[in-house]
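Student: Straight from Swiss-Prot, here's the annotation block:
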BINDING   I61, K62, N127, E136, R152, Y153, S202  FMN binding site
Amino acid sequence: MTQANNHANNHAMNIGVFIPIGNNGWLLSENAPQYMPSFELNKQITLKAEQYGLDFALSMIKLRGFGGKTEFWDHNLESFTLMAGLAAVTSRIKLYATAPTLCLPPAIVARMASTIDSISNGRFGLNLVTGWQRPEYSQMGLWPGDEYFGRRYAYLSEYAQVLRDLWETGSSDLKGEFFQMEDCRLSPRPQAEMKIICAGQSAAGMAFTATYADYNFCFGKGVNTPTAFAPTVERLEEAKAKTGRDVSSYVLFMIISDETDEAARAKWEHYKAGADQEAIAWLGLQGAADTKSGADTNIRQMADPTSAVNINMGTLVGSYATVAALLDEVVTVPGTGGVLLVFDDFLKGLDDFGTKIQPLMASRRHVTGEALAEVA
């Protein structure tokens, strides 16, 4: 047994699915599956995830897309209403919506979250985003000016404090630079502890996460390099040391699998050959608009031309056995709690994951059972 397998045996890994709330999921390619988002599609995906024992489903928010031949992310559902619908048709899986904090006041978000907590019987949590793509907000007159790029996490810190006050005590009197609460009330409060996700990778984002969040989401890096994200987790561990809070990292990967390594690689090369260069160029322009942040932000990685066909997220390409082994390596990085997965073809990809990949994973034996993993 490999050292990675030994480690994975001792460290159970949580797995979530990043559901495709926007058209075409996460592939900017004319050669990838082309589809519109719908409640029905996301319901099928989330129910499959629940069936296969996945731990959570997360939806993003995107208010304006990248255009191009594939009209990438020009078509998007809204996160809270989607997750409320999914909460009503699921029974076990945890659900996370994303709050566009420039659009929604924190007291309203706190109440929406409490409502979905009620629908789901305590299975709901929240992902907070500051907003990095100016046109998403300027189109509705809500962009606060480009100086906001340098103040995003000061704004988000006040926002999160209002949420925590309301969820934990039922009232907030915060008087800050961005928000002024006047005996603001919330009832009923959530029945379960409300968990917060943040995906900040800059120094300011890490400091925010270590102070206010429960989970940090970060990008995997490279193709078939499942531990290359380790320096990002190390930076969070340093930030956590200053706050003393328990925050774990979850890593985003795209899974492209097939019966053989060669077949999976051919699929990946085919997607890259059809890259939507117009949409990729738009992504690069939006990334360059933020001149206030450093080189360590998510958008800097997304816009890198190296593998922009899937916004440079970590990609695991191979046979079912290869992908299972690569995923088991992820959890060997100290501070890693799990992974967030996307697929080139979500319905088939989830079936393949649930029936052919997960049973081979040492880090998922708490889900599949020891005997099944050994037989496979």
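Glycine residues also receive a Cβ, built from the backbone N, Cα and C atoms like all the rest.
Note that the structure is a prediction, hence the values are computed from the model and not measured.
For each feature listed, report its degree of burial, its nearest neighbours and the pertinent distances within the displayed model.
Tutor: Reduced to three states, the DSSP call for S202 (FMN binding site) is coil.
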Student: Going by DSSP, give the three-state secondary structure for N127 (FMN binding site).
Tutor: strand
Student: If I restrict to non-local contacts, at least six residues apart, and a C-beta distance under 8 angstroms, what lies near K62 (FMN binding site) in its own chain?
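Tutor: K62 (FMN binding site) has long-range Cβ partners I21, G22, W73, N76, E136.
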